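According to TrEMBL:
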TRANSMEM  20-39  transmembrane segment
TRANSMEM  72-92  transmembrane segment
TRANSMEM  98-116  transmembrane segment
TRANSMEM  149-170  transmembrane segment
TRANSMEM  190-208  transmembrane segment
TRANSMEM  215-234  transmembrane segment
TRANSMEM  240-262  transmembrane segment
Amino acid sequence: MSDFWLFTLVGFGAQIVDGGLGMGYGLISMTVLLTLGIAPPLASASVHAAEIVTTGISGLSHMMFKNINPTLFRRLAIPGMFGGIVGAQVLSFAPINIIKPLIMGYLLIMGIYVLYKSFQRTELSEKIYDYLVHTLLKREKPAQKMPRLITLGFIGGFLDAAGGGGWGSIVNSTLLAQGEPPRYTIGSVNLAEFLVTMSITAAFFVTIKITEWQALLGLITGGAIAAPISAYMVRILPANLLMILVGSLIIALSLRSFWLFFH
């Protein structure tokens, strides 16, 4: 199998998952590219360049269906763009022998996090959480506070650029766990991700030379083919099963990358 078709397969699988969960494209693609020996800056740049297409379509779709909270969108997008640019610069200039194990560790943690979340997504657990937090404790939703949203956006953008993925996993999960309305949260976060992805890609193009064109074109091709299919797959595949599979895959590939790096 040629490299192009291999990356097309990776992009296809990652988009199928992302279409079903709203997260996972960057994490899966980045983990596989690192496993194949591509340097972290080139891997992250390729993933984000490919994501421009998918995040743009997703963001436009949410705008058409009026799933956007303008205030939430602005407070996430602007700091997210700055965080993404900073993360891209750090990844571009950090020594490979230092940054690569850090990125692999980050991906391993994210894999464990996704796996952990898969066992929380039950109707009973969500009802218990909602009752304890919002009824008994009567806590104010921290996501409504501007400084915390700005911090969340910056951290999400930084880690997404430096780690190759994680915006959806970090930002969406945090806001939804705090009781934000899913419709406007997912729509606003997805639209913000498009601008964050554009900023990250531009920052990489300024600082490094893109040489992995087969990876980039393969990820775009696979993602484009999978986009309409994933809309159907989400109707027949349980979200919990997808999260278990994704978390397990990321953990396994990250551990393999650690093994190869230190041996």
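Every residue, even glycine, has its Cβ placed from backbone N, Cα and C.
Contact check: the transmembrane segment (190-208) against the transmembrane segment (72-92) gives at least three Cβ pairs closer than 8 Å, residues 6 or more apart, which meets the contact criterion. Recorded stretches compared: 72-92, 98-116, 240-262; the one with the most Cβ pairs under 8 Å to the transmembrane segment (20-39) is 240-262. With pairs at least 6 apart in sequence, the transmembrane segment (98-116) and the transmembrane segment (149-170) have 3 or more Cβ pairs within the 8 Å limit; the two touch. The largest share of C-beta pairs under 8 angstroms with the transmembrane segment (72-92) comes from 98-116, of the ranges 98-116, 215-234, 240-262. Beyond its flanks by at least six residues, the transmembrane segment (240-262) meets 17, 20-21, 24, 27-28, 31-32, 34-35, 100-101, 104-105, 107-108, 110-119, 121 of its own chain at Cβ-Cβ distances under 8 Å.
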